Ligand SMILES: O=P(O)(O)OC[C@H]1O[C@](O)(CO)[C@@H](O)[C@@H]1O
């Protein structure tokens, strides 16, 4: 390989007007790589052009894929769609200003002081990432909390943290489909908590969901309408959950948190402009997609380890985990062949992870490539000298450069993205960069990035389990005392499934007890409640 300094200069892409650069010099592509990829690259640009023009880019669901229009409504394929995007942005701002000014108050007449966001997956990860990256709790107009699961303990802990301020907490329930059980349960738990405090949930509740006007009316829309919630923000069918951060899903929380959404939208629009066009060497999203392809041989053979050297960006890896894995992880390609595609994504932050798993990255199984994210400016505040003429920020940069070098010396590949500071504008840039890299990569490997059939299997199995759980509970109440096998025969269910139901019931329902034996099949479950 050529001298590294020469290779670095040759393979550094810079967007000086955005303060952005992408260094791919520490990836092991050879001289012929880009020429070899040219036909696939051409197809990916063609696909993207059609997608942005409003073609059905999600064939399995028969949907357009419009998240790129959200930050440049002029690109939307019809004036109605463009007006809808502009209206939503304006609506978010007006609503937030009414909340901040006290024009809309809590039930008790006081200004809202806290924000509880209830959602999961794409309806939580974007707002969580943005909150951690851009909201400083001490100066934010509303302090933010999340329910992103159906774990009662997690929910109760959050409610306890909110405490008496529940009376001035605005709850935003976010669900595109409006039927996701975890979110529905979170909403019901929240409603119960408000009621326990003598409060009317509806007077504190806002929905972000598919609406009849957007072509996907939802149960949540119906519920919020029926109960006269403070507001319903629409979500449209042409924005997917994992790419919804610039839609009402992200914009409602952001405006409420006092984030300048014009900056985040213009940052992403600016990155879109740069990454919409050829040549490849000037297109950061295409270069990233090509590096993913190169690292994993177009088959996801290597994991992507995301290492932002900035505490504020720690949740980026979690956000990207869904964006990449739910988009790319597919069984079939667009021609129906079984391909089992995917790229595993994980990471937290540097330098912290140096003291966790970087040991394995450097010396262990070579099954990954790193994505370093450098934020050039350490802090706006005066910095302490931790050594003569040396600051904590100098150390942070030292660890980034040191780890990149140590990995490369040990034949581990990496790309490095650099931005000036973590701001709404640059966060918008990063989101747009990765969204388009995902779209391009999906075209390179010929898969539909915009559906998620695999998630449905687990959801369906959970519904089946809940039905069995009800039958098992009735059966043990009737039987008095029985093993899993006996109950399974009586309700014609799988004995292992029945065993898991009984174990769960014994841990949660005081009317059911278990006596452990040598083997699970001999464990005896007893109904100690009132006879049915
Ligand atoms: O916004 P919804 O419809 O509640 O969906 C939440 C998440 O569930 C999924 O549909 C599947 O996990 C994600 O794609 C989505 O982001």
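Placed from the backbone N, Cα and C atoms, the Cβ positions cover glycine too.
For reference, TrEMBL has these:
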type	residues	note
ACT_SITE	326	active site, proton donor
ACT_SITE	355	active site
ACT_SITE	459	active site
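Here the features listed in TrEMBL are painted onto the structure.
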{"residue": "326", "record": "active site, proton donor", "Cβ within 10 Å": "22"}
{"residue": "355", "record": "active site", "Cβ within 10 Å": "8"}
{"residue": "459", "record": "active site", "Cβ within 10 Å": "10"}
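In this structure, the CA atom of residue 326 (active site, proton donor) is 29 Å away from the CA atom of residue 355 (active site).
If you measure from the Cα atom of residue 355 (active site) to that of residue 459 (active site), you get 37 Å.
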